[in-house]
Number of protein chains: 2
Amino acid sequence: MKIVTRSDLPSLRRSVDQGTEEQRRAVKEIITEVKSRGDEAVFAYTRQFDEVSLESLKVNPDEFDQAYESVDGEFVEILTEAAANIRSFHEKQLSQSWFDTSSDGTLLGQKITALDAAGVYVPGGTAAYPSSVFMNVIPAQVAGVDHIVMCTPPGEDGKVPAGVLVAARILGITEVYKAGGAQAIAALAYGTETIPAVDKITGPGNVFVALAKREVFGDVDIDMIAGPSEIAILADESAASTEIAADLLSQAEHDARSSSVLITTSAVLAEAVNNAVEEQLNDLPREDIARQSVKDYGMAVVCPTMQDAVDTVNEIAPEHLEILTSDPYQQLGKIKHAGAIFLGPYSSEPVGDYFAGPNHVLPTNGTARFSSPLNVDDFVKKSSVIAYSEEALKKNVDKIARFARLEGLEAHARAVEKRKERWK
Amino acid sequence: MKIVTRSDLPSLRRSVDQGTEEQRRAVKEIITEVKSRGDEAVFAYTRQFDEVSLESLKVNPDEFDQAYESVDGEFVEILTEAAANIRSFHEKQLSQSWFDTSSDGTLLGQKITALDAAGVYVPGGTAAYPSSVFMNVIPAQVAGVDHIVMCTPPGEDGKVPAGVLVAARILGITEVYKAGGAQAIAALAYGTETIPAVDKITGPGNVFVALAKREVFGDVDIDMIAGPSEIAILADESAASTEIAADLLSQAEHDARSSSVLITTSAVLAEAVNNAVEEQLNDLPREDIARQSVKDYGMAVVCPTMQDAVDTVNEIAPEHLEILTSDPYQQLGKIKHAGAIFLGPYSSEPVGDYFAGPNHVLPTNGTARFSSPLNVDDFVKKSSVIAYSEEALKKNVDKIARFARLEGLEAHARAVEKRKERWK
């Protein structure tokens, strides 16, 4: 871990993986094939990429049952409690339609409607996280999306990991399809005989998934393309160095490109955290990944004042921010850019990954400057409502017509003026 | 205008203009040049594309004064009143930060923060609409964005149209830059010596602008890529055919690719509207455009029942929808997908373009299925706030650690468990 001063802080922004020319071409071809050949193409790509010949794309009820029987009761209980917490938090995000009336009879408003259908992509293998199933599905359910489906690549045994199926069943999701990569994204965007087309696709994936999401964006909506995980910890001398080290490593173990940064007013703390990180690294199962991440993107930034430290946080705009100062609430109002903010020593970052309730799908790579955690608003859309009254139009028709003519749009002017014939 | 039955309705979706290979390459090159050479590149592209040699990129106060003096007082009054209406509507969209506390001391919440900086692109020439300035700037102002700048290509005289500068001054916007096309988008995304980098770019433009927005998306946020304008009118036999015709033509005059569709339960009305459209087309200043649009994308769909008609509307997911039935509020709840919904005979579509208050930047080309009018939420972002209490962590630490280990993330488990040392 490097210890640097604020002025020496290198940019932590990393270019989004746009893939190679060859990958982009492959993705375009896969999308074209799935669009024109449907299920047949999905089966073929599954044989090619996942090396398994499926008999059917849809996970059947027996497979759900087997998954459920393969896990212990306590696991189901923990998952069920986590799901309830996540649901409870997201229910508070629900927006309401509203309207405003004028005494002249006019009504203006905004109508909120859930999307018809949402598709969740769950990556395969070791990255097939039950928590991701919760974080992507629950906001859509709370929003009122009627039709939610999941796609995930099958393992070599043709099966979907038990944890994923158990998580889906806890949420009442029954439509899970064995399809991964760009072919899954294409199927969700355009539909096949078996896999239904949806209006929005969310969920993380490898570079092929990310490129395919970029490609179908506009025909359907997508969530943000996620980069490697990040944590920034804002701390003063009151913080515990071993806790900081443990929390930094919880992000470092995700990916060799993850970044974990301590921002502190205390050079002593920076030194102690550096030592604790070295010590704790030694017996981590994912030591290699974490060590590489700490080496390349781990850093302690020593700042002369707390205001400097806060400014540094805002420049980074981290995905996760922990505030471990003697007065964490005092700093909250100064934080402008962060995906999720964890206050105080008991809010270790993994508390938010699994259990507390807020979403763990968060803006990475500085995009917290302009984007938000995945939330219920991502699964609804608004329609403006305009019910102009006769009185309002009488009063304003000439102004509206004048405005339209100033913009050179005569037919616009005539449309509103056409109503004047009613008053002759 | 074609009169068709619902089963004969062709798809109205049009592929988004992805540009030619050459256009995409040109846009990439422009972005690279502006990124590396800044102002110098913007000046050079302005000479090349706008055929004008500028002395400075920024519009100076004298130019604002001259613009103000060149327009009459009534124009300013109408614009000022429209801006006040638009502001008033958008103020009702403001979301609040919220939090929720538990008796164990835990606080969970969602913090709303405005973006730091927004950039509005205003296209040049006849499409330089003061109303677009209002519709893009006001939501950002209401959201609390401190820094709002505008880019617009200069005319051959090196000037910006007076209407645009007057609209900007009414809103208190003083930073207007003479830059258009992909070079303006690149400057707003990455900054130059003169033009500041922003966090979000909104506003319509030609294919180069659209391609550049797609290219910088991810480094900054963008609004939706807009397609040609659309109107759908849901009407029964109670509606006035001449008013419907006038409203259909108000969209048809925008662009030869605009679509204007009547959806009705009355074959008699469809026939009458068709005749009225032909008649009203004859003396429109933009007759050629409107006629082409009506020929290619104008249609009357005759449906056997009102439910069929409503279903047709939802399939189209129109940008603008007028409901001209005897009971417009009765249909409102059935409309799932539309950008803006205009109820009753006095809510002619141009009322919403200029004056009523709701935004005229609306989802086109069926994207109302999953996107919304431009609104205040587009200029803020959320941060989750998690302040777990000691009691809450004590109760849940083992569950959280167990969950983390089930997902194979040992360092996550150790991070929360590290706090147990406090209780030894």
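Glycine residues also receive a Cβ, built from the backbone N, Cα and C atoms like all the rest.
Among the features that TrEMBL reports, active site, proton acceptor is placed at B:GLU319 (among others). DSSP assigns B:GLU319 (active site, proton acceptor) to coil in the three-state reduction, placing it in neither a helix nor a strand.
Around the Cβ of B:HIS320 (active site, proton acceptor), the same chain contributes B:SER229, B:GLU230, B:ILE231, B:ALA232, B:GLN251, B:ALA338, B:GLY339, B:ALA340, B:PHE342, B:GLU349, B:GLY352, B:LEU362, each under 8 angstroms and 6 or more positions distant in sequence. Positions annotated as active site, proton acceptor by TrEMBL: B:HIS320 (among others).
Annotation note: B:ASN206 (NAD(+) binding site) sits in a coil segment as assigned by DSSP. Around the Cβ of B:ASN206 (NAD(+) binding site), the number of neighbouring Cβ atoms within 10 Å comes to 16. The NAD(+) binding site annotation in TrEMBL covers B:TYR121, B:GLN183, B:ASN206.
According to TrEMBL, the feature substrate binding site maps to B:SER229, B:GLN251, B:HIS254, B:HIS320, B:ASP353, B:GLU407, B:HIS412.
Every protein chain shown contributes to the tally, and the Cβ of B:HIS412 (substrate binding site) ends up with 28 other Cβ atoms within 10 Å. As annotated by TrEMBL, Zn(2+) binding site applies to B:GLN251, B:HIS254, B:ASP353, B:HIS412.
Per TrEMBL, the feature region 'Disordered' maps to B:1-20.
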Where B:GLU407 (substrate binding site) sits in the secondary structure, as DSSP reduces it to three classes: coil
Fewest-neighbour residue among binding-site residues, criterion Cβ within 10 Å, set B:GLN183, B:SER229, B:GLN251: B:SER229
For B:ASP353 (substrate binding site), the one of B:TYR121, B:GLN183, B:ASN206, B:GLU319 that lies nearest, given that the recorded positions are compared by Cα: B:GLU319
DSSP state at B:TYR121 (NAD(+) binding site), helix/strand/coil: strand
Other CB atoms, at most 10 A from the CB of B:TYR121 (NAD(+) binding site): 26
Listed in sequence order, residues not in B:TYR121, B:GLN183, B:ASN206 with Cβ within 8 Å of the centre of the NAD(+) site Cβ atoms: B:PRO123, B:CYS151, B:PRO153, B:ALA179, B:GLY180, B:GLY181, B:ALA182, B:ALA184, B:ILE185, B:GLY205, B:PHE208, B:VAL209, B:ALA212
Of the recorded positions listed as B:HIS254, B:GLU319, B:GLU407, B:HIS412, the one whose CA lies nearest the CA of B:ASN206 (NAD(+) binding site): B:HIS254
Residue among recorded positions B:GLU319, B:ASP353, B:GLU407 with least C-beta crowding, 10 angstrom cut-off: B:GLU407
